[in-house]
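Enquirer: I'd like to ask you about the structure that follows.
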Amino acid sequence: MLKPFTSALLLQSGYNAALVAVGAALLGFAAGSGGAFMFLRKRALVSDAVAHATLPGVGIAFMVMVTLGADGRNLLGLLLGSALSAGIGLLAVEWITRRTRLAEDAAIGAVLSVFFGFGIVLLTIIQTMSRGKQAGLEGFLLGSTAGMVFEDALIIAVGGACTIAALVLLRRPMTLVAFDPEFAAASGVSVRTVDLAMMGLVLAVTVIGLKIVGLILIVAMLIIPSVTARFWTDRTERLLGIAGLVGGASGYAGAAISASAPDLPTGPIIVLVCFGLFIASLLLAPNRGVLASILRHRRFQVRVHRRQGLLALARGEPILDPLTLAVLRRAGLIRNDGVATEAGRAQSAKVLRDERRWEIVRQIHQNEAVSGRYDGLTPIEAVLTRDEIAEIDRRIGRPVPAEGAA
Amino acid sequence: MGAEFVQLSLTPLAIGILAAVACALPGNFLILRRQALIGDAISHVVLPGIVVAFLITGTISTWPMMLGAAGAAVVAVVLIEAIRRLGRIEPGAAMGVTFTSLFAAGVLLLEQSDTSSVHLDVEHALYGNLESLIWLSADGWGSLLDPQALADLPPELGRMAVVTLLIAVLTAVFWRPLKLSTFDEGFAKTLGIPTGALSLGLVVTAALAAVAAFDAVGSIIVIAMFICPPAAARLMTNRLEVQVAWSIAFAAVSAVLGYVFAGYGPLWFGGNDAVSAAGMIATVSGMILGSACLFAPHRSRVGVPPEPEQT
């Protein structure tokens, strides 16, 4: 398993496998960064409608080419047809959302199912045509890389490059529209045009991806990389880059894995590799990842328990909560039998005094931001200057030994 | 015409109508709650569910597969919710991540396992085989009263009828809370209606409809019937009762016309083979929705001028 995989990864397991791997990587990059804006605009599923709407175009293009006497399987012709019908589907979604009371999700679902159903009708017609038997148009449903030739890879490469170029050129207006459409409109950017351009990019990626991933799974390549990238950054430019890398890496690795063994269809493998990257990011990403937020929660919990424990020590109340005891013990503030150490007594006295100081602060600055920062955890030194604290201390009076302290 | 019609077309037509109605009923509420694409997601994840059920039991039998598909639908809903909450991702994208990945896993499992001996493939999952559900032992309308012939009805018909009836009863029983929580969730909550459970119940009902219909007619009709008839009905009226009635009518009309066009349409144009009935039914429902968008009395938003000025 490993040997064929590494040789496929290094582009050494045959011409076709290398072609597919490079094509899939390019496609993944274009799809990842192309889908990013749809994700930021919160319209990720529009690409689902676009992808399904390609099917009738493929069928019609095949029939037209056969009628004209050409080879019905010409990839460029099929892609042109699919782009045309996907464009019509896209405009239909836009038109339904704008002109009727139906919400966008209903429009997406309607276009998706109707175009796909019509495409299936066309496919069954083609199957009964004399030259349609060997058309292999079903390959467009789930992608088929078996018969890929150099021209196909070239089409994918050129299409991917054009998509990325358009993305780089249009990134400013698209960022603007994605984050604040009202402001964009007010500053003279035509939101509708930019939206259509965004979807045009998605359309281009979809059409290019038909051959490798197929129209049902290309949606995954448009959505998953940008969702994955979102875990790692808060900046649009980086999001585009990371999404592209995630898409490219999963395309390349997926193609290599699928070349390493029989019965591993390329499209699904690419999608699953991408999903694996997504799950890893969901769990491990700094800041937005699940692990990071568990750690953050844990740290917060420790702070709360430490402070409540110190307050209880200072007031001479018994501590019963096992977590509080463990936290204090680990910090060396109490001994194993629950009696406060020297450090524990000092810190609890300080905490109690801070609590008293906060009380005064909240009386003085009743309606000000300072009082709002009282959450029982923020140290008072983080909010007030030393002089202000000294002034408060003057009101409280000198420190007195807390009850329970020796 | 009579005998041949009963033998070849009556059962597919009936199954088509039942499947369409079963999907359109919950679809009404999904549309109003802006969850229309849940139907899309469910019909994709049904595939891995069925494949896993096949791998476990090793046979193509109905009930394990229904269970597997329903299980997969629940897994998908839970996953979508988990990704949405844990990753703080908008619901549409969470849905897109989940159903495409599960579908990919289903296709992979299908390719890996040895299903060549049985009739289970992706194409069948997508557009079913409505035309093949014929009633062989019928020899005319009289067979409807002949117990021996009735016993030979395709089992899909019985299952679909039971599921459709169940969904209709559920809709009727939960009508009031469902209506309230769909239009004003906050108000429904103050009345003590468990809106969360109701919402999950609606999704499970939709999954049930999807699974039953999927078994008979493939997933493409399922998505189309969840969305197109209720959406068209939404443009006809402002009353939920009337909307549901319209949607049932639209669903039935799509099923009948779609089946007829698929079976007889090519003959009119000089062809001699029928086209996919499932695809044709979806196409007809789309045409109905298209005409509703153009001509229906309540097609525009309330308070918006007929030609909205867009920036």
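Even glycines carry a Cβ here, placed using N, Cα and C.
Note: TrEMBL annotation is automatic and uncurated.
The transmembrane segment annotation in TrEMBL covers A:15-37, A:49-69, A:75-96, A:108-129, A:149-171, A:212-232, A:239-257, A:269-291.
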Enquirer: Could you check whether the transmembrane segment (A:49-69) and the transmembrane segment (A:149-171) come into contact, where contact means at least 3 Cβ pairs under 8 Å with the two residues of each pair 6 or more apart in sequence?
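Expert: Result for the transmembrane segment (A:49-69) with the transmembrane segment (A:149-171) is no.
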Enquirer: Sort out the residues at least 6 away from either end of the transmembrane segment (A:75-96), same chain, that have Cβ-Cβ distances under 8 Å to it, and list them.
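Expert: For the transmembrane segment (A:75-96), the nonlocal Cβ contacts are 46, 49-62, 64-65, 102, 104, 106-108, 110-112, 115, 140, 151-152, 155, 195-196, 199-200, 203-204, 206-208, 210-211.
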Enquirer: Apart from its near flanks, which chain residues at least 6 from the ends of the transmembrane segment (A:239-257) lie with a Cβ under 8 angstroms of it?
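Expert: Residues 5, 8-9, 17, 20-33, 35-36, 40, 145, 164, 167, 171, 212, 221, 224-226, 228-230, 232-233, 264, 266, 269-274, 276-277.
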